[in-house]
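Heads up, here are the entries from TrEMBL:
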type: DOMAIN; residues: C:3-214; note: domain 'Ion transport'
type: TRANSMEM; residues: C:7-26; note: transmembrane segment
type: TRANSMEM; residues: C:32-53; note: transmembrane segment
type: TRANSMEM; residues: C:65-86; note: transmembrane segment
type: TRANSMEM; residues: C:130-151; note: transmembrane segment
type: TRANSMEM; residues: C:163-183; note: transmembrane segment
type: TRANSMEM; residues: C:189-209; note: transmembrane segment
4 protein chains.
Amino acid sequence: MGKFFDVALLFIIVLSIILVMLESVADLNAKYFWEFYIAEWLITFFFTVEYILRIIAINKPKKYIFSFYGIVDLLSTIPTYIAVIFGGHNLLFAIRALRLLRVFRVLKITRYVGESNRLLVALRNSRAKIIVFLFTVFIICIIMGTLMHLVEGEAGGFNNIPISVYWCIVTLTTVGYGDIAPITPLGQAIASFIMITGYGIIAVPTGIVSAEYTRYFNRPAPTNTQVCPNCNESRHLDDAEFCHNCGNKMNLD
Amino acid sequence: MGKFFDVALLFIIVLSIILVMLESVADLNAKYFWEFYIAEWLITFFFTVEYILRIIAINKPKKYIFSFYGIVDLLSTIPTYIAVIFGGHNLLFAIRALRLLRVFRVLKITRYVGESNRLLVALRNSRAKIIVFLFTVFIICIIMGTLMHLVEGEAGGFNNIPISVYWCIVTLTTVGYGDIAPITPLGQAIASFIMITGYGIIAVPTGIVSAEYTRYFNRPAPTNTQVCPNCNESRHLDDAEFCHNCGNKMNLD
Amino acid sequence: MGKFFDVALLFIIVLSIILVMLESVADLNAKYFWEFYIAEWLITFFFTVEYILRIIAINKPKKYIFSFYGIVDLLSTIPTYIAVIFGGHNLLFAIRALRLLRVFRVLKITRYVGESNRLLVALRNSRAKIIVFLFTVFIICIIMGTLMHLVEGEAGGFNNIPISVYWCIVTLTTVGYGDIAPITPLGQAIASFIMITGYGIIAVPTGIVSAEYTRYFNRPAPTNTQVCPNCNESRHLDDAEFCHNCGNKMNLD
Amino acid sequence: MGKFFDVALLFIIVLSIILVMLESVADLNAKYFWEFYIAEWLITFFFTVEYILRIIAINKPKKYIFSFYGIVDLLSTIPTYIAVIFGGHNLLFAIRALRLLRVFRVLKITRYVGESNRLLVALRNSRAKIIVFLFTVFIICIIMGTLMHLVEGEAGGFNNIPISVYWCIVTLTTVGYGDIAPITPLGQAIASFIMITGYGIIAVPTGIVSAEYTRYFNRPAPTNTQVCPNCNESRHLDDAEFCHNCGNKMNLD
């Protein structure tokens, strides 16, 4: 029963996101306005019931309401109601923004992803290094962007420093839209230098995460499941004969 | 004899794929229609004979027919015949699709690639993590795409959420076509943030596979399962002739 | 008090960089000319005071003046003064370049980033290898660029070798602006080859840095130099309290 | 003296490559035709003398002539002479190709790069795996390119299978020129899938090289410099007490 509810919920979440996305397509919204309208209210009703049931079922409703999932669940429900209340007003942009908030329903899916926790741990461990790295990239972009603004001038689209910095980020991250591109030989030479630098330093965050992961894997080997019978310590070197925590003799398997 | 047949088969497979590709070029198809037609039937005849011979030669034909290679071999042969049978009808698109199915002949080459098995094992081991990662990327793209649709509006080509999500995938994966690109300062700022984020998280799948590989290599190599008969020490270099722990002569396999 | 000064300084640095960037936007500069002018002089005054105070406060002012931070601090102050002195002349480009020098104020922020030192060490260790690698990439680009110039000619924009080499760098680093793109089938085939090569060799710098990092992490951590006083075993987990080899109590440092 | 000659040679090589590149720029060639002409003959004369001196100085001239550097040295000299001999003819394209051969002079620089050997060893070790990987990428591109040709048709520029495969390579390697881009929703959905796949599998070659490098570094640890006093074998596990090659007791340091 609980499993059926889970699958049904997952199905409705995916459906509701597809609905929000399709509603934004002008043609489809004009054609299927009423179908979208009814489906939207059915989903909102379902999520409202789910939200209320969760509050009733859980021991500490206050903790749930202010938790990550509680806020996500609320955000999944409330925009439809608010859009109705303020529907008569002319705050069109605000309404539209509110309605699009429904897209956060996608975060409801994260409940189903258990594996991601591990990934988050690995990312969190190398967070400080990656932030410093991205910060360095940003400083490089500001300096090189200013240089390109000076060299290229307005001919190649480098009208001001912010847009030159934007171009530099687009280039250094190897995205390369091509809407702004250097046209003077000197500008192209500097751009080449930036690109090759970007190619060289893209290795850094990868190396950090990779090393973090390798370290993570190398520590508790999956074949070494021995646990100290005295203190229940579980991380041991492969050839440990004594527990490194309490000095007890290990039972080797 | 068997080796000659192998090389000939490989040659014909490559030839048949080039043929399918060239046939799709309108100019070449108009000019060399009959040459392509004859070559196609010769190749189909060859593959048909090969398919029948395989069924005859193999002990359990049923198992082969429903195996990966059996289906690939069938798909390499049958489209030409079906295209003839339904040739008189007007199901032009279906016929075209059927004819293009012949491109799956390229999978026949995988028989010649032994090394790939190992790669597949490594990929399979990190499959779960990579799927979770790509899933996370997809959720980020839905949320950021919606945000960009709201910020950029229709001016920059962000007409609806699906196309904004498409743009976000194009940007985060650093492909960057440039057919859709932000033009408002705020949109460009958010795009910069997405790009730098993408630059930072591209490290994650690489780190996973890299760590998986390192772990794979660091484990005792599968061919080196030798254990010292004297002291039972099991970690040995690949070409060790004496046990590094007790100095006993090893039994080389 | 010192902490408050630090935060205030960081705030003013960020503000001054935003100011330099916004000043370069023609519209904003026309509209808010006087606001920018006053803010610029306030910031310059602040930095001048900071620079003089540092010289007074530090024991060896000469060493500071010619250090990295000393030069950065000077570069943050002097351009505003020089621009005033030469303001009457027509050396517009030189003035503009001088004014943009103020963007180097961003380097003042590096004082706040302690973590980056470690990153720099890791990068410095693999510097020689990465330079050789980038050099190899550059040689490939010169040869392939010349080849593309020969194959594509002037139709696809490959007018001369320098621009073809530029295109080759843009392609190999996977930036791909699309302002220059091959249009002949042979050119596209060579481009495909270059791209797949680039895809294959992008792994090299990543691998180098990653391996360097892993090595750095795998070495006994600098804090864990403990050796068992009983059996001299030296590989221990960071928080081991007993020797895993003989069970002796460790002397924790 | 030998060192001065080395530096002078390096200088002339770099100069000669810059010359070849600048000559291809139509404007510069028209303006400085005679300067380029004279410089070209001076460099050719210098390289000719160097080539003859090397043949005279080396013991086995035959081996040198057919070695990699011998061929590079010949290719650096001969195109200028041949261009003169056939200069009167109308084989313009062939002449141009011949003249551009001079760009291979860049390979003369590789003599100065000692470090690259190590890189080449690491690349060679993972060569088989990388080739298999790139081959897999190519098969994916053929199949997905055919699919896109079927889905997009001629509207988005996917006129035939070869060009669709080219587009698929451009996309999967994250280059993304944007000259060809899907415009139908289904095509964009498939393109998104290809991009995310490419993002996921870009990890594979990196992981391979990274693991290869890590293994390379992990094998002969820099602190483990012990050599067997009996057989001079130098690769030993960190805690080896007996030589794994001859069984001799090791002197632990």
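We number each residue from 1, going along the chain as drawn.
Cβ coordinates come from backbone N, Cα and C, glycine included.
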What stretch of C:7-26, C:32-53, C:163-183 shows the most Cβ pairs under 8 Å to the transmembrane segment (C:65-86)?
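Going through each listed stretch, the top one turns out to be C:32-53.
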For the transmembrane segment (C:163-183), which partner among C:32-53, C:130-151, C:189-209 gives the most CB pairs under 8 Å?
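Out of the listed stretches, C:130-151 contacts the transmembrane segment (C:163-183) most.
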Please give the sequence-distant neighbours of the transmembrane segment (C:32-53): residues at least 6 beyond its ends with Cβ less than 8 Å from one of its Cβ atoms.
9, 12, 15-16, 19, 22-23, 73-74, 76-77, 80-81, 105
Six or more residues beyond either end and a Cβ under 8 Å away: which residues meet both conditions relative to the transmembrane segment (C:130-151)?
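Counting only partners 6 or more residues beyond its ends, the transmembrane segment (C:130-151) has Cβ contacts under 8 Å with 123, 158-161, 164-169, 172, 182, 184, 186-187, 190-191, 194, 197, 201, 204-205, 208-209.
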Express the predicted model's confidence over the domain 'Ion transport' (C:3-214) as a mean pLDDT, rounded to an integer.
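Computed over the domain 'Ion transport' (C:3-214), the mean pLDDT is 81 on the 0 to 100 scale.
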